[in-house]
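Database features (TrEMBL):
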ACT_SITE  Asp93  active site, proton acceptor
SITE      Arg34  site 'Important for substrate specificity'
SITE      Thr94  site 'Important for substrate specificity'
SITE      Gln178  site 'Important for substrate specificity'
Amino acid sequence: MPSISLEEEPTTSGSISMSHNANFPIILASQSPRRRELLAGAGYRFIITPPAESAESGVYRGESSEAMVARLARQKAFDVARRTDNGIVLGCDTVAECSGEILGKPRDVEHARYMLRLLQGKQHRVSSGLCLWEAGTSRHAVEVAVTRLIMEPLTDERIDDYLASGQWQGKAGAFGYQDGHDWLRILEGSASNVVGLPLELLREMLDRMFRHHRCGARR
């Protein structure tokens, strides 16, 4: 399975976004080390301001995975934006979904075991909500990226070995695509989305935001 490199995602559109970074610093509303690594590897300059714990919670009955990650990304971005004077706040939330069940980060090793047994041998989806919020204003945008994957069938022994490694900790669905396991394969969509931050969608959203500012400045 081709593994994702955290050093290799900048493109022309990414460099366009970077040229505006001085006027619109990016503020990452997340403590996720994987999101931090992805942003840094793509060449963005940013600071980290974690949202309040209350902004990262809340599950609504009957809510789809896409609606949930969009709402939580918005909550995180708004919580930081309302305490910030300048910059573009980036909020993000990621979950896995299989057989109609939404899978966030496992609570403990047994919860992780349950998730892996549910996912093994099946196709599933990883959804990430992105929110860009211009600090000091009400202007914001929210979008969702979805990636389809398949997890190969896993024996109990293989699951036990993986759980013993500790790599499941802090990861939606109890797995990390970036860890390079041959039992995970992307069928459609962004690899960085599975890691926790869809860089392609982020570049598109930043470029649209900067184009809006350029057009506004000409009026």
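Each Cβ is built from the backbone N, Cα and C atoms, and glycine gets one as well.
Small disclaimer: the values here were computed from a predicted structure and weren't measured.
The Cβ of Arg34 (site 'Important for substrate specificity') lies under 8 Å from the Cβ of Gly176, Gln178, Val195, Gly196, Leu197, each of these being in the same chain and 6 or more residues away along the sequence. Neighbour list (Thr94 (site 'Important for substrate specificity'), Cβ cut-off 8 Å, at least 6 residues apart, same chain): Val69, Val126, Ser127, Ser128, Gly129, Ala172, Asn193, Gly196, Leu197. The recorded positions examined here are Asp93, Gln178; by Cβ neighbour count within 10 Å, the least packed of them is Gln178.
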